[in-house]
Amino acid sequence: MTQKELLSVAEEFGSPVYVYDAEKITSQYKRLTNAFKVDNLRIHYAVKALSNISILKLLNSLGCGLDTVSYQEVKLGLRAGVAPENIIYTPNGVSLEEIEEVVELGAQINIDNLSILEQFGNRHPEIPVCIRINPHVMAGGNSKISVGHIDSKFGISIHQMPHLLRIVENTGMHINGIHMHTGSDILDIGVFLYASEILFEAAKNFKELEFIDFGSGFKVPYREGDIETDIEDLGTQLTERFNNFCKDYGKELTLAFEPGKYLVSESGNFLAKVNVIKQTTSTVFAGIDTGFNHLIRPMFYGSHHDIKNISNPEAKPRFYSVVGYICETDTFGSNRRISEIREGDILSFSNAGAYCFSMASNFNSRYRPPEVLWYNGKAHLIRERETFEDLTRHQVEMNFDTSPKELADKD
Ligand SMILES: *Cc1c(COP(=O)(O)O)cnc(C)c1O
């Protein structure tokens, strides 16, 4: 999308507002599917990154399935028209009851601990399940989003394979898939391939596999010139390795991935208006009409989002600290070089597609912003801005006597 088009969205729908470019989502999906030359490839989009139903519908229309982490995400996927067999459910630490509810909905179950595996196998030996393996390879760059390391709560440790196999044998359950997800921001393809080898090795233990799921964690660029996962290189290398594995295994398996960020991060822009320019002795603050209630990643993970002044793009750049209106430290970016900001200008935050709206809250009793999908050269509202009704909808009000009272006798 051009800056002019973004500005037109802010004019039409007000600020703050999230805007997603359908074309970018589509091109990322195609780039990924073109990189892996295998007979059976399945991409399951990680719904938690951005769960708007229209986004799910768009991805479904491209042939993309869904990766879900809660019963509610499965329901959203079904609402979007995704076939249950194209939905994989990969929760962490949920109850057996929730897993059984998801079985009722028809999604593929992925289990990530031995306790639930055993209980599930005892009760439903006929329902095929995928197992999540932790290969103990740390591929990600950020400790909060790296999930493959030794102390991670995710997956069944590769070292527990003997115990796992005993459960499978004793319960007579069917393992139709094997899975890993080593975390976000993979840069080193070698590390990813190393983890894949561990998964291939583990896969040999199961005779009824239909798919191998390599999770996600592809890194996308956050700044100009940023390095990103070389998908084409990974595609070439993993394709060859996977096809060889299938030959040895004696069956054409499906190669699966479950990217969130890769598909939607760059499609998104978050637009906010500058309420006030405040000069202090050390910096110039640009205070905007939003805060970490709407975009928590900078304060939560220290994530970087490029910030551009789309109302005054040609002006001379100056240094600013861009801050939100929340009554706590609420910094989007310090010492950013941005073309001169005037009060009323619209700033655009890039990489606002993944883990932005989906993590937004009503903190400070603010309304969550609207979401707009830019599709075929036009803006489509896909979520309305909240109203005061939304803030009060589920509150149950008590009433207290407000008539003047005599002071209670303390004795
Ligand atoms: C969050 C998650 C993903 C998506 O990760 P990205 O870094 O957004 O691609 C994939 N699989 C599982 C199991 C997840 O929890």
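Using N, Cα and C of the backbone, Cβ positions are placed for all residues, glycine too.
TrEMBL labels come from automatic prediction, so no person has curated them.
Residues annotated as domain 'Orn/DAP/Arg decarboxylase 2 C-terminal' in TrEMBL: 18-353.
The domain 'Orn/DAP/Arg decarboxylase 2 N-terminal' annotation in TrEMBL covers 23-265.
What TrEMBL lists as N6-(pyridoxal phosphate)lysine is LYS48. Neighbour density for LYS48 (N6-(pyridoxal phosphate)lysine): within 10 A of its CB lie 16 other CB atoms from the protein chains shown.
The pyridoxal 5'-phosphate binding site annotation in TrEMBL covers GLY217, TYR355. In this view, TYR355 (pyridoxal 5'-phosphate binding site) is surrounded by 25 other Cβ atoms within 10 Å of its Cβ, with every protein chain counted.
Summarising the annotation, TrEMBL assigns substrate binding site to ARG297, TYR301, GLU328, TYR355. Counting only residues at least six positions away in the same chain, the Cβ atoms of PHE292 sit under 8 Å from the Cβ of GLU328 (substrate binding site). DSSP assigns GLU328 (substrate binding site) to coil in the three-state reduction, placing it in neither a helix nor a strand.
What TrEMBL lists as active site, proton donor is CYS327. If you draw a 10 Å sphere around the CB of CYS327 (active site, proton donor), it holds 9 other CB atoms from the protein chains shown.
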Most crowded position, judged by CB atoms within 10 A, among GLY217, ARG297, TYR301 as binding-site residues: GLY217
Entries of GLY217, ARG297, TYR301, CYS327, TYR355 which, being recorded positions, have CA atoms within 10 angstroms of LYS48 (N6-(pyridoxal phosphate)lysine): TYR355
Max pairwise CA distance, angstrom, over record-listed substrate binders ARG297, TYR301, GLU328, TYR355: 21
Residue among binding-site residues GLY217, ARG297, TYR301 with Cα closest to the Cα of CYS327 (active site, proton donor): ARG297
